[in-house]
Amino acid sequence: MVKSRRGCRQVGRLRACIKAGVRLACVLYRSSLENNPPFAIDRGFLAIMALPESEPLLQHHHHHASPATRHLSGSPPASTTTTTGAVSRAAGVARMDAVTAKLTSTQRFWLFFGIFVVGYAYGLESQVRSTYTPYATSSFNLHSYLATINVLRSVVAVAAQPTAAKVADVFGRFEVVVASTLFYIIGMAIEATATSVYVFCAGGIIYQIGYTCIVLLLEVLVADFSSMRARVFFSYIPALPFVINTWLSGTVTSAVLRVATWRWGIGMWCIIYPIASLPLLVTLYVVDRSVASPELALESPKGNPSNKLLDTKRWVRDVSTQLDVFGLLILVASFSLVLAPMTVAGGTASHWQNPRIIIPLVVGCILAPVFIWWEKYHAKTPIVPFQLLRDRGVWAALAVRSLLNFAWYVQGNYLYTILIVAFDFSIQSATRITSFFSFFGVVSGVLVGLVVYRVRRLKHIIVAGTLAFMMAFVMLISQPGGASSRSRSGIIGAQILLGLAGGLFAYPTQASIQASASRDHVAILTGLYLSFYNVGSALGICLSGAIWTQTLYPALESSLAFQPNRTLAESMYNNPFEVVKNYPVGSEIRSAIIGSYSYVQGLLCIAGLCVCVPMIGFALALRNPRLSDKQVQEEAERDPFEA
C-alpha cells in the first residue's frame, strides 16, 4: 500500500513536470514567433506542441503555427481552424514570408530579373498574337469569330485568376509558375497546328489558363517583395518590356508574315517562352527550397493499398473543396452561355430566333443567381469572398478595373482590322498602333509610380486618369475612319491619350485594393482584381462583337449595292484582309468599304464613352489611405477581414 501511494506520488510529480515542461515550451514557442520567421522553428518541436495533452495550452496561439506542421496526413495544408475559430496562415503564404525573411540581395536581383524576362516574353508574344489571331480566323473564313474566341478566353481568365491565387496560397508560388508554363506551351502548340476554328479556340482556352496564371503570379510575387508605397513602381517590372516590344512587335509580325504564316508566328513561342521562364523558375526553386527541410515535407501515405486509396480520395476531396470546383464550373458555364452566343447571333444572317442562341442565354442568366447562392451559403472556401466586398476600397477598385477594360475592348477588339481597312495603315504600323495603349501606359505608369512613392496617395491620380480616358473616347468619335492624314493623326493621338490615361489608374487602382488587404488576403484580392479585369474584357469584347456582327454586314450590303458583285459584302465581312487588297484607296468600292467600317467604329466608340461615365463615379468612391513602408497597410493587418 505504501509503495502504491509512493508510486502515485511519483506519477503525480511526473505529470507536474510534464505540464511544467509544456508550459516552458509554450513560452519558448511564443518567443520564437516574435523573433523568427515562419518555418524557422523545427517541425518536430511543433509536432510535440500539437499533441492532445498540450492542446488546451496552445489554443490562443495555435493559429501562428505553420499549416505544414499540422497536416501530416498528406491533405492540402490550405488552412486550419482551431477550436477558438482562428484561421491559420496558408502554407504558400507562410513559405513566402519565410523566403522574404531570408532572401539575399543576389537572390532578390535574380528574382526581379526573372520576372522581367518572363514579362518580356509574354508581353511580346501577346502583342504579336493580336496580329496573328485575325489572320488565323480569316484563314478559316470566319473572321467574325474573333470576338467569340476572345470572349471564351476572357471567361476562362475570369475563373482562372482567383483559382490560381488560391492554389498559390495553398501549394506555393513555384508550383503555379510551373503549371502555368505547361498550359502556356500546350495551348500555343494546339493553336499553331489547328485545322479548324474550333480547335484553334480550344488551344486558345488552354493557352489563356497559362497566360492568366503567370500574369497573376508575377503581380503576387511583386506584392510579396515590395512595400505599399513602392508597389505601383515595382508592379510595372513585368510591364516594362512593352516600352521595347511596341516598336519591335510590328517588325516581328511583318518579318514572320513575309516568309511564313501565322502558324509559325504562334508556334515559335513554344520554344522561346520556356527558355525565357528558366531564370524565374530556377530562382524560385532555389529560394523556395532554402526554407524547406526534410522535416517540413509532407509525409506520403504508407501502408496497405486500401489506406493509400482512402488518403488519395480524401486529398482529392479536400482540394476540390478548397478550390471550390463546383463554384468554378457554375461561373464558367454562366459567363460562357451568356456572352458567347451574343457574339455569333448576328453576321450574314440573324440567329436571334434560333433556339441554339436563346436557350444558352436563358440558362446562363439562371446560373448567375445560382452561383451567388452557392458561394454565399454552401461553398466552404468560396471563390468570391463576399465579406471582403463590403469595403468600398475593394468594390470601387473592382468596378474601376472592370469598366476600364470594358471601355477599351469595345473599341480595341477590332482595332487592328479598322486600322488596316478603314485607315489603310500597313501591317507594321497597325501592329504598333494597337500596342500604343500598353506602351504609353507603361511610360506614364512608371512615372506615376515614382510620384506615388513620394506623395504616398493614389485617389487623385486615379480620378485624373479616368477623366483623361474619357477625353480620349471623344477624340476617337471625331475620327472613326479615313485614309487622310488628319484622320490618321486623330486615331494615333487618341490611342496615345488612352495609354497615358490608363497608366494613371490601372496599376494605382491595383495598389489601392491591395492597401485594403491583410497579408493573408493580398493574393486573393489581386486575383479578384485581375479577374474583374477579365470580366471587363469579356463584356467589352462581347459588346463589340455584338455591334460588329449586327451592323457591319448590313452596312456593307447597303454601301456596296451599287456594284454588280453580290458576294462582295459577304466576302469582305468574312475575310477582310484578303479582299481589301484588291481595292486601293481612292477607288469607289474602297471608299464604300471605308464608310461602312467607319460607321461601325463610331458606334463602338460611342458605347465606350458611355462606359466611362460610371467608371469616373466609382473612382471617386475609392479610399485614399497614406501608403506605408511595409508590405501591407498597418490598419489592414490590425483589423483583417474574416475569411
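Using the three backbone atoms N, Cα and C, a Cβ is placed for every residue, glycine included.
Taken from TrEMBL as is:
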{"type": "COMPBIAS", "residues": "73-86", "note": "compositional bias 'Low complexity'"}
{"type": "REGION", "residues": "59-86", "note": "region 'Disordered'"}
{"type": "TRANSMEM", "residues": "105-122", "note": "transmembrane segment"}
{"type": "TRANSMEM", "residues": "142-160", "note": "transmembrane segment"}
{"type": "TRANSMEM", "residues": "172-190", "note": "transmembrane segment"}
{"type": "TRANSMEM", "residues": "196-221", "note": "transmembrane segment"}
{"type": "TRANSMEM", "residues": "233-260", "note": "transmembrane segment"}
{"type": "TRANSMEM", "residues": "266-287", "note": "transmembrane segment"}
{"type": "TRANSMEM", "residues": "323-345", "note": "transmembrane segment"}
{"type": "TRANSMEM", "residues": "357-374", "note": "transmembrane segment"}
{"type": "TRANSMEM", "residues": "430-453", "note": "transmembrane segment"}
{"type": "TRANSMEM", "residues": "490-507", "note": "transmembrane segment"}
{"type": "TRANSMEM", "residues": "528-548", "note": "transmembrane segment"}
{"type": "TRANSMEM", "residues": "599-622", "note": "transmembrane segment"}
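Tertiary neighbourhood of the transmembrane segment (266-287): same-chain residues 99, 102-103, 107, 110-111, 113-115, 117-118, 120-122, 125, 129, 132, 136, 173-174, 177-178, 181, 184-185, 188-189, 191-193, 256, selected by CB-CB distance under 8 Å and a gap of 6+ residues from either end. Contact check: the transmembrane segment (233-260) against the transmembrane segment (430-453) gives at least three Cβ pairs closer than 8 Å, residues 6 or more apart, which meets the contact criterion.
Through the fold, the transmembrane segment (490-507) approaches residues 232, 235-236, 239, 400-401, 404, 408, 419, 423, 433, 436-449, 461-469, 471-473, 475-476, 478-479, 619 of its own chain, all at least 6 residues removed from its boundaries and within a Cβ separation under 8 Å. Nonlocal intrachain contacts for the transmembrane segment (430-453), taken as residues 6+ away from its ends with a CB within less than 8 angstroms of a stretch CB, comprise 123, 127-128, 130-131, 229-230, 232-236, 239-240, 242-243, 245-247, 249-250, 253-254, 408, 412, 415-416, 419-420, 461, 491-492, 495-496, 498-504, 506-508, 511, 627. Here the transmembrane segment (142-160) does not lie next to the transmembrane segment (599-622) in space: the count of CB pairs under 8 Å, restricted to residues six or more apart, is fewer than 3. Here the transmembrane segment (323-345) sits apart from the transmembrane segment (196-221); fewer than 3 CB pairs are under 8 Å, leaving out pairs fewer than 6 apart in sequence.
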